Amino acid sequence: MDNKISPEAQVAELELDAVIGFNGHVPTGLKCHPDQEHLIFPLGCTILIQAINTQEQNFLQGHGNNVSCLAISRSGQYIASGQVTFMGFKADIILWDYKKRELLARLSLHKGKIEALAFSPNDLYLVSLGGPDDGSVVVWSIAKRDAICGSPAAGLNVGNATNVIFSRCRDEMFVTAGNGTIRVWELDLPNRKIWPTECQTGQMKRIVMSIGMADDDSFFYLGTTTGDILKMNPRTKLLTDAGPAKDKFSLGVSAIRCLKMGGLLVGSGAGLLVFCKSPSYKPIKKMQLQGRITSITLRGEGHQFFVGTEESHIYRVSFTDFKETLIATCHFEAVEDIVFPFGTAELFATCAKKDIRVWNTSSNRELLRITVPNMTCHGIDFMRDGKSIISAWNDGKIRAFAPETGRLMYVINNAHRIGVTAIATTSDCKRVISGGGEGEVRVWQIGCQTQKLEEALKEHKSSVSCIRVKRNNEECVTASTDGTCIIWDLVRLRRNQMILANTLFQCVCYHPEEFQIITSGTDRKIAYWEVFDGTVIRELEGSLSGSINGMDITQEGVHFVTGGNDHLVKVWDYNEGEVTHVGVGHSGNITRIRISPGNQYIVSVSADGAILRWKYPYTS
């Protein structure tokens, strides 16, 4: 039998329905487009264009690594984005056409990382700052899509520049600022030179985190790590004033925005959003948000604005009553697991680091969040009756929550020694099977009030990565990173069969007819095994690079899906052993993947915190 994927077989594209995700760590990464209808923000290597009033999403894909900064031209015609890359390699800036949603040019000069980008007011130039290993500032001509000139961004005896902003009126002036350096630059186009002037701040030594320019170029404002704001005059290059004198902003001024009517919107590292005015900088209006504020972007003149925080929350705030509405949330850590409740595709649950979230499938809205601080959740499963979510935690506890309210129903303490790494439930809702970091598989009897250990099965030598239970609850299969899969008899509580392979197994599935199982792991092979005697039936090359971490099979057993470190979602024909569809869209390693009950969607989750929903390619 031919195991290779034949290149002649036509592989179709999977249709991406929706993305839940926003990388809140990128400074000023959330932007409102000048058409006032779209939000633009980064997620991994992708840039999302999200319509504000509808569910419509577009994706700009072209970066080979995570997006580190984003800028939109004043007219809204261009988007520029920069990325990080490995030490010593060139990091690209990509210039995009907003209307056509396509790549115009790759501008490649800086090494390591693009720190910040800014467009000139009439879309003539783009200025870019290299990261700490690069340290240069470069001015690009947008018409020629080529560099005009460059220069080291900061002097020899000061730190790196991390922020750049263009003048609002002139195409020839911009400002860079960073650790102990504030410079106003003039572009001399005939001589292809940029000339810096250091700004004098006297005795004040500050590290600049954020920067904002007044609409008429009269002043620019610098937010610092100390939690105060410096107001500078770009013509005299002198400090006009600084404040607040008391009650500085906790954890630094991480975002700053000038309003046309005068006054500043200031976001702090502690999540405080403040409207204040020079020279006192005392809060006139304020509100507390969740997570450190990294972006403030105005919609139009600023009657309404959007705020992005590091915990990946996007808020809409109306200026007049200063009330916030949470419009988007998502995970800001690697997502470890995804699971659908039995028989319904209307909602699903995911877990990442300290929280479990329940989502509405069609609207992409978060319905419920369950948080256990300072712990990591490794796996979740719904009980068949839908009355509880069972979760596996790294402190060795199994916790059960009510799915409507998030109330803690019961805890099994010390379920495993080195954390609980995998979990599964039986369809009669009477048992929970858990796997631990030390390799034990434990069967728990769940009563109305009691949870009792029925048996501890000690065979695996290393952590259990995946557990699947047979439909009649009489046997289950556990996959482990010690290179074995074990099929257990749940009636006699003994081992039935053991499968050995030279790999770290990451995922396992029963074929619906339950005489075969399919496994995969770090050796990138998808193997079909006979349940009866544990022999291998066939092996397929699952991916060209990287481990396969997630796998799920349809209820009919005709197709199955896989996802892994090559960032691709693949749909396979079970009998032919060939890939029929490929989904491109993830920019992190895919950790888990599921087909919804009723075969409507495929939902995949990844290590960059993204949740992607794909249209299932076949009608069932």
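Quick reminder: no glycine exception, Cβ is built from N, Cα and C everywhere.
Unlike curated records, TrEMBL annotations are generated automatically.
According to TrEMBL, the protein carries these features:
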REPEAT    107-142  repeat 'WD'
REPEAT    413-446  repeat 'WD'
REPEAT    457-490  repeat 'WD'
REPEAT    541-582  repeat 'WD'
REPEAT    583-620  repeat 'WD'
For the repeat 'WD' (457-490), distant same-chain residues with Cβ under 8 A (at least six beyond the ends): 418, 421-428, 431, 433-443, 496-510, 514, 517, 519, 521, 529, 531, 534
DSSP helix/strand/coil residue counts for the repeat 'WD' (413-446): 0 helix, 19 strand, 15 coil
Composition by DSSP (helix, strand, coil) of residues within the repeat 'WD' (107-142): 0 helix, 24 strand, 12 coil
For the repeat 'WD' (107-142), sequence-distant contacts whose Cβ falls under 8 Å of one of its Cβ atoms, 6 or more beyond its ends: 27, 68-75, 77-78, 80-95, 148-154, 160-171, 174, 176, 185, 187, 194
Secondary structure composition of the repeat 'WD' (541-582) [DSSP: H/G/I, E/B, coil]: 0 helix, 24 strand, 18 coil
Secondary structure composition of the repeat 'WD' (457-490) [DSSP: H/G/I, E/B, coil]: 0 helix, 20 strand, 14 coil
Composition by DSSP (helix, strand, coil) of residues within the repeat 'WD' (583-620): 0 helix, 19 strand, 19 coil
